[in-house]
Amino acid sequence: MTGTQLLNYPATDSPFRSPNSHSIQLHSVAMTSPIPPLSRAATVTSPQLPLALWPPLDFALGALSCCGACVFTNPLEVVKTRLQLQGELRARGTYQRHYRGVVQALWVVGRTDGLRGLQKGLLAGLLYQGLMNGVRLGFYSYCDAVGVTAAPGGSLMSGAIAGALGAIIASPAYLVKTHLQAQTVEAIAVGHQHNHQGVMSAFANIYWREGMAGLWRGVNGAVPRVMVGSATQLATFSSTKEWVARLQWYSPNSWLVALTAACISGVAVTITMTPFDVISTRLYNQPVDEHHSVSLFSISCCLSPIIIGIAQFTLIFPGLSWLLSTLHSPYTVHP
(Lines of atoms letter the chains of each structure in order from A; the text may use other names.)
(Lines give C-alpha, C1' and ligand atoms only; values in the text may rest on other atoms or scores of the structure.)
Protein backbone atom coordinates (compact mmCIF):
# COMPACT_ATOMS: atom_id res chain seq x y z
CA MET A 1 0.00 0.00 0.00
CA THR A 2 1.45 3.34 -1.04
CA GLY A 3 1.90 6.32 1.28
CA THR A 4 -0.99 8.18 -0.35
CA GLN A 5 -3.29 5.21 0.25
CA LEU A 6 -2.24 5.04 3.88
CA LEU A 7 -3.02 8.74 4.38
CA ASN A 8 -6.48 8.34 2.82
CA TYR A 9 -7.33 5.08 4.66
CA PRO A 10 -10.69 5.38 6.52
CA ALA A 11 -10.50 5.82 10.28
CA THR A 12 -12.13 2.55 11.33
CA ASP A 13 -11.63 0.61 14.52
CA SER A 14 -8.63 -1.70 14.36
CA PRO A 15 -6.84 -3.79 16.94
CA PHE A 16 -3.59 -2.13 15.82
CA ARG A 17 -4.78 1.40 16.51
CA SER A 18 -3.78 3.27 19.62
CA PRO A 19 -6.56 3.18 22.28
CA ASN A 20 -6.42 6.95 22.62
CA SER A 21 -6.49 7.82 18.93
CA HIS A 22 -10.28 7.61 18.62
CA SER A 23 -10.89 9.69 21.74
CA ILE A 24 -8.37 12.30 20.55
CA GLN A 25 -10.17 12.55 17.22
CA LEU A 26 -13.57 12.94 18.91
CA HIS A 27 -12.12 15.57 21.20
CA SER A 28 -10.77 17.56 18.27
CA VAL A 29 -14.12 17.39 16.47
CA ALA A 30 -15.94 18.50 19.63
CA MET A 31 -13.57 21.45 20.03
CA THR A 32 -14.17 22.62 16.46
CA SER A 33 -17.95 22.05 16.56
CA PRO A 34 -20.06 25.18 17.19
CA ILE A 35 -22.38 23.18 19.52
CA PRO A 36 -20.94 21.99 22.83
CA PRO A 37 -21.17 18.21 23.39
CA LEU A 38 -23.50 18.57 26.43
CA SER A 39 -25.86 21.10 24.85
CA ARG A 40 -28.19 18.42 23.47
CA ALA A 41 -28.60 16.79 26.86
CA ALA A 42 -29.34 20.16 28.39
CA THR A 43 -32.27 20.65 26.03
CA VAL A 44 -34.16 17.70 27.61
CA THR A 45 -36.54 19.27 30.13
CA SER A 46 -38.22 17.51 33.04
CA PRO A 47 -42.05 17.55 33.15
CA GLN A 48 -43.46 20.61 34.82
CA LEU A 49 -46.26 20.47 37.39
CA PRO A 50 -49.39 22.48 36.48
CA LEU A 51 -49.46 25.95 37.94
CA ALA A 52 -51.98 26.49 40.72
CA LEU A 53 -54.66 29.09 40.18
CA TRP A 54 -54.93 32.02 42.53
CA PRO A 55 -56.90 30.43 45.46
CA PRO A 56 -59.75 33.00 45.50
CA LEU A 57 -60.20 32.56 41.74
CA ASP A 58 -60.14 28.77 42.05
CA PHE A 59 -62.74 28.96 44.83
CA ALA A 60 -65.00 31.23 42.78
CA LEU A 61 -64.81 29.09 39.62
CA GLY A 62 -65.63 25.91 41.52
CA ALA A 63 -68.50 27.59 43.34
CA LEU A 64 -70.04 29.14 40.22
CA SER A 65 -69.94 25.93 38.20
CA CYS A 66 -71.73 23.93 40.90
CA CYS A 67 -74.28 26.67 41.58
CA GLY A 68 -75.24 26.63 37.91
CA ALA A 69 -75.89 22.90 38.11
CA CYS A 70 -77.85 23.32 41.35
CA VAL A 71 -80.53 25.42 39.63
CA PHE A 72 -81.45 22.47 37.40
CA THR A 73 -81.05 19.66 39.96
CA ASN A 74 -82.82 21.33 42.89
CA PRO A 75 -86.25 19.79 42.07
CA LEU A 76 -84.59 16.39 42.29
CA GLU A 77 -83.07 17.42 45.63
CA VAL A 78 -86.58 18.15 46.93
CA VAL A 79 -87.76 14.72 45.80
CA LYS A 80 -84.67 13.02 47.25
CA THR A 81 -85.24 14.63 50.65
CA ARG A 82 -88.89 13.52 50.74
CA LEU A 83 -88.03 9.96 49.69
CA GLN A 84 -85.35 9.65 52.36
CA LEU A 85 -87.58 11.01 55.12
CA GLN A 86 -90.57 8.90 54.16
CA GLY A 87 -91.18 6.05 56.59
CA GLU A 88 -88.40 6.90 59.06
CA LEU A 89 -88.67 4.90 62.31
CA ARG A 90 -91.68 3.00 60.97
CA ALA A 91 -91.96 -0.58 59.79
CA ARG A 92 -92.80 -1.20 56.16
CA GLY A 93 -96.53 -1.25 55.62
CA THR A 94 -97.38 0.85 58.69
CA TYR A 95 -97.30 4.24 56.98
CA GLN A 96 -98.78 5.84 53.88
CA ARG A 97 -96.40 6.13 50.96
CA HIS A 98 -96.96 9.51 49.36
CA TYR A 99 -93.91 9.19 47.11
CA ARG A 100 -93.32 6.04 45.05
CA GLY A 101 -90.54 7.08 42.70
CA VAL A 102 -88.81 10.05 41.13
CA VAL A 103 -91.31 10.79 38.36
CA GLN A 104 -94.38 10.22 40.55
CA ALA A 105 -92.85 12.32 43.36
CA LEU A 106 -92.13 15.19 40.97
CA TRP A 107 -95.76 15.05 39.82
CA VAL A 108 -97.12 15.00 43.39
CA VAL A 109 -94.96 17.91 44.54
CA GLY A 110 -95.73 19.97 41.44
CA ARG A 111 -99.47 19.29 41.68
CA THR A 112 -99.67 20.03 45.43
CA ASP A 113 -97.08 22.76 46.02
CA GLY A 114 -96.93 24.21 42.51
CA LEU A 115 -93.86 24.89 40.43
CA ARG A 116 -92.37 26.96 43.24
CA GLY A 117 -92.61 23.89 45.45
CA LEU A 118 -90.18 22.10 43.16
CA GLN A 119 -87.60 24.81 43.85
CA LYS A 120 -87.94 24.86 47.63
CA GLY A 121 -84.69 25.57 49.41
CA LEU A 122 -83.02 26.80 46.22
CA LEU A 123 -81.31 29.78 47.85
CA ALA A 124 -79.98 27.62 50.67
CA GLY A 125 -78.94 25.02 48.10
CA LEU A 126 -77.00 27.61 46.11
CA LEU A 127 -75.28 28.77 49.28
CA TYR A 128 -74.41 25.20 50.19
CA GLN A 129 -73.10 24.29 46.75
CA GLY A 130 -71.07 27.48 46.52
CA LEU A 131 -69.41 27.02 49.89
CA MET A 132 -68.96 23.27 49.88
CA ASN A 133 -67.78 22.79 46.30
CA GLY A 134 -65.78 26.01 46.27
CA VAL A 135 -63.73 24.76 49.22
CA ARG A 136 -63.69 21.15 48.03
CA LEU A 137 -62.62 21.71 44.43
CA GLY A 138 -60.31 24.57 45.35
CA PHE A 139 -58.46 22.51 47.96
CA TYR A 140 -58.22 19.49 45.66
CA SER A 141 -56.90 21.62 42.80
CA TYR A 142 -54.23 23.04 45.09
CA CYS A 143 -53.22 19.52 46.18
CA ASP A 144 -53.05 18.50 42.53
CA ALA A 145 -50.90 21.52 41.62
CA VAL A 146 -48.34 20.91 44.38
CA GLY A 147 -48.10 17.22 43.49
CA VAL A 148 -49.84 15.65 46.49
CA THR A 149 -52.27 13.70 44.30
CA ALA A 150 -49.39 12.10 42.40
CA ALA A 151 -48.26 10.19 45.50
CA PRO A 152 -49.69 6.70 46.16
CA GLY A 153 -53.14 7.21 47.68
CA GLY A 154 -52.72 10.97 47.43
CA SER A 155 -55.74 11.51 45.21
CA LEU A 156 -58.04 9.56 47.53
CA MET A 157 -56.73 11.28 50.65
CA SER A 158 -56.85 14.76 49.11
CA GLY A 159 -60.44 14.19 48.01
CA ALA A 160 -61.50 12.99 51.46
CA ILE A 161 -59.90 15.93 53.28
CA ALA A 162 -61.30 18.39 50.74
CA GLY A 163 -64.77 16.94 51.21
CA ALA A 164 -64.54 17.09 55.00
CA LEU A 165 -63.49 20.76 54.95
CA GLY A 166 -66.30 21.65 52.56
CA ALA A 167 -68.90 19.77 54.61
CA ILE A 168 -67.92 21.48 57.87
CA ILE A 169 -67.92 24.99 56.42
CA ALA A 170 -71.20 24.57 54.49
CA SER A 171 -73.09 22.54 57.12
CA PRO A 172 -75.46 25.35 58.27
CA ALA A 173 -76.62 25.89 54.69
CA TYR A 174 -77.34 22.17 54.25
CA LEU A 175 -79.28 22.15 57.54
CA VAL A 176 -81.57 24.95 56.37
CA LYS A 177 -81.90 23.43 52.90
CA THR A 178 -83.08 20.13 54.35
CA HIS A 179 -85.62 21.85 56.63
CA LEU A 180 -87.10 23.89 53.79
CA GLN A 181 -87.24 21.03 51.29
CA ALA A 182 -89.03 18.78 53.78
CA GLN A 183 -91.73 21.40 54.43
CA THR A 184 -95.03 20.91 52.62
CA VAL A 185 -98.77 20.69 53.24
CA GLU A 186 -99.97 18.10 55.73
CA ALA A 187 -101.52 15.89 53.07
CA ILE A 188 -98.11 14.83 51.68
CA ALA A 189 -95.82 15.71 54.60
CA VAL A 190 -93.05 13.33 55.64
CA GLY A 191 -90.58 13.76 58.49
CA HIS A 192 -90.60 16.56 61.03
CA GLN A 193 -92.02 19.90 59.83
CA HIS A 194 -89.99 22.89 61.05
CA ASN A 195 -92.27 25.52 59.49
CA HIS A 196 -89.66 28.14 58.62
CA GLN A 197 -90.79 31.19 56.67
CA GLY A 198 -87.68 31.45 54.54
CA VAL A 199 -83.91 31.09 54.47
CA MET A 200 -83.07 34.05 56.70
CA SER A 201 -85.93 33.17 59.04
CA ALA A 202 -84.60 29.61 59.30
CA PHE A 203 -81.08 30.77 60.19
CA ALA A 204 -82.45 33.21 62.78
CA ASN A 205 -84.84 30.69 64.35
CA ILE A 206 -82.18 28.01 64.69
CA TYR A 207 -79.67 30.48 66.15
CA TRP A 208 -82.04 31.96 68.75
CA ARG A 209 -83.41 28.55 69.75
CA GLU A 210 -80.21 26.49 69.80
CA GLY A 211 -77.32 28.97 69.64
CA MET A 212 -74.33 28.83 67.33
CA ALA A 213 -73.88 25.10 67.94
CA GLY A 214 -77.38 24.49 66.59
CA LEU A 215 -76.34 25.74 63.16
CA TRP A 216 -73.83 22.89 62.96
CA ARG A 217 -76.21 20.22 64.24
CA GLY A 218 -75.92 17.17 61.99
CA VAL A 219 -72.40 17.93 60.82
CA ASN A 220 -71.26 14.60 62.29
CA GLY A 221 -73.33 12.90 59.61
CA ALA A 222 -72.37 15.30 56.83
CA VAL A 223 -68.60 14.86 57.20
CA PRO A 224 -68.49 11.09 56.49
CA ARG A 225 -71.09 11.60 53.74
CA VAL A 226 -69.04 14.18 51.83
CA MET A 227 -65.71 12.52 52.65
CA VAL A 228 -66.84 9.23 51.11
CA GLY A 229 -68.52 10.91 48.16
CA SER A 230 -65.72 13.38 47.48
CA ALA A 231 -62.93 10.84 47.78
CA THR A 232 -64.77 8.47 45.43
CA GLN A 233 -65.70 11.22 42.98
CA LEU A 234 -62.37 12.98 42.66
CA ALA A 235 -60.27 9.82 42.68
CA THR A 236 -62.42 7.88 40.19
CA PHE A 237 -62.89 10.89 37.90
CA SER A 238 -59.16 11.43 37.46
CA SER A 239 -58.39 7.77 36.79
CA THR A 240 -61.47 7.27 34.60
CA LYS A 241 -60.63 10.34 32.52
CA GLU A 242 -57.15 8.94 31.83
CA TRP A 243 -58.68 5.54 30.97
CA VAL A 244 -61.21 7.06 28.54
CA ALA A 245 -58.46 9.14 26.91
CA ARG A 246 -56.30 6.03 26.40
CA LEU A 247 -59.20 4.21 24.71
CA GLN A 248 -59.28 7.04 22.12
CA TRP A 249 -63.06 7.04 21.79
CA TYR A 250 -62.97 10.77 21.15
CA SER A 251 -60.45 13.32 19.95
CA PRO A 252 -57.76 14.08 22.57
CA ASN A 253 -59.14 17.47 23.64
CA SER A 254 -62.85 16.67 23.30
CA TRP A 255 -65.20 17.70 26.10
CA LEU A 256 -66.84 14.27 25.74
CA VAL A 257 -63.84 12.72 27.49
CA ALA A 258 -64.59 14.65 30.69
CA LEU A 259 -68.34 14.08 30.36
CA THR A 260 -67.97 10.31 29.96
CA ALA A 261 -65.57 10.15 32.90
CA ALA A 262 -68.00 12.19 35.02
CA CYS A 263 -70.90 9.83 34.28
CA ILE A 264 -68.85 6.75 35.15
CA SER A 265 -67.56 8.42 38.30
CA GLY A 266 -71.11 9.41 39.24
CA VAL A 267 -72.19 5.77 39.35
CA ALA A 268 -69.41 4.99 41.83
CA VAL A 269 -70.36 8.01 43.95
CA THR A 270 -74.02 6.97 43.99
CA ILE A 271 -73.29 3.48 45.26
CA THR A 272 -70.89 4.57 48.01
CA MET A 273 -72.61 7.76 49.13
CA THR A 274 -76.32 6.90 49.32
CA PRO A 275 -76.35 5.24 52.79
CA PHE A 276 -74.51 8.21 54.29
CA ASP A 277 -76.84 10.60 52.46
CA VAL A 278 -79.90 9.00 54.07
CA ILE A 279 -78.27 9.28 57.49
CA SER A 280 -77.29 12.90 56.95
CA THR A 281 -80.78 13.95 55.80
CA ARG A 282 -82.46 12.37 58.82
CA LEU A 283 -79.92 13.80 61.27
CA TYR A 284 -80.42 17.30 59.89
CA ASN A 285 -84.20 17.16 59.83
CA GLN A 286 -84.88 15.62 63.24
CA PRO A 287 -86.45 17.84 65.93
CA VAL A 288 -84.78 18.91 69.18
CA ASP A 289 -86.31 18.99 72.63
CA GLU A 290 -86.40 21.87 75.11
CA HIS A 291 -82.88 20.98 76.26
CA HIS A 292 -81.56 21.36 72.67
CA SER A 293 -80.97 17.62 72.45
CA VAL A 294 -81.87 15.51 69.44
CA SER A 295 -84.84 13.28 70.09
CA LEU A 296 -84.69 10.65 67.32
CA PHE A 297 -81.26 9.74 65.99
CA SER A 298 -77.60 9.70 66.88
CA ILE A 299 -74.78 9.08 64.45
CA SER A 300 -73.93 5.75 66.12
CA CYS A 301 -77.42 4.31 65.82
CA CYS A 302 -77.61 5.47 62.20
CA LEU A 303 -74.29 3.91 61.24
CA SER A 304 -74.91 0.60 62.99
CA PRO A 305 -77.00 -0.90 60.16
CA ILE A 306 -74.16 -0.14 57.73
CA ILE A 307 -71.53 -1.58 60.05
CA ILE A 308 -73.55 -4.75 60.67
CA GLY A 309 -74.31 -5.16 56.97
CA ILE A 310 -76.71 -3.86 54.36
CA ALA A 311 -79.27 -6.64 54.55
CA GLN A 312 -82.31 -4.46 53.95
CA PHE A 313 -81.13 -2.94 50.67
CA THR A 314 -84.34 -1.08 49.89
CA LEU A 315 -84.47 0.49 53.35
CA ILE A 316 -80.91 1.73 53.32
CA PHE A 317 -81.11 3.06 49.75
CA PRO A 318 -84.30 5.16 49.43
CA GLY A 319 -83.71 7.86 46.87
CA LEU A 320 -81.22 5.76 44.91
CA SER A 321 -83.14 6.28 41.68
CA TRP A 322 -82.86 10.04 42.20
CA LEU A 323 -79.12 9.82 42.68
CA LEU A 324 -78.74 7.67 39.59
CA SER A 325 -80.74 10.19 37.58
CA THR A 326 -78.34 13.01 38.46
CA LEU A 327 -75.19 10.81 38.73
CA HIS A 328 -73.40 13.75 40.37
CA SER A 329 -72.13 14.55 36.88
CA PRO A 330 -72.84 18.29 37.06
CA TYR A 331 -70.67 18.48 40.18
CA THR A 332 -67.94 16.20 38.79
CA VAL A 333 -66.93 17.70 35.46
CA HIS A 334 -63.76 19.73 35.82
CA PRO A 335 -60.62 19.91 33.72
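Glycine too: its Cβ is placed from the backbone N, Cα and C atoms.
Per TrEMBL, repeat 'Solcar' is recorded for 57-146 (among others).
Sequence annotations record features per position, and here TrEMBL assigns repeat 'Solcar' to 150-243 (among others). In the predicted model, residues of the repeat 'Solcar' (150-243) average a pLDDT of 90.
The feature transmembrane segment is assigned by TrEMBL to 255-276 (among others).
Taken from TrEMBL, the feature transmembrane segment covers 296-317 (among others).
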Checklist entry - Where DSSP helix means H, G or I and strand means E or B, what are the helix, strand and coil counts for the repeat 'Solcar' (57-146)? => result 70 helix, 0 strand, 20 coil
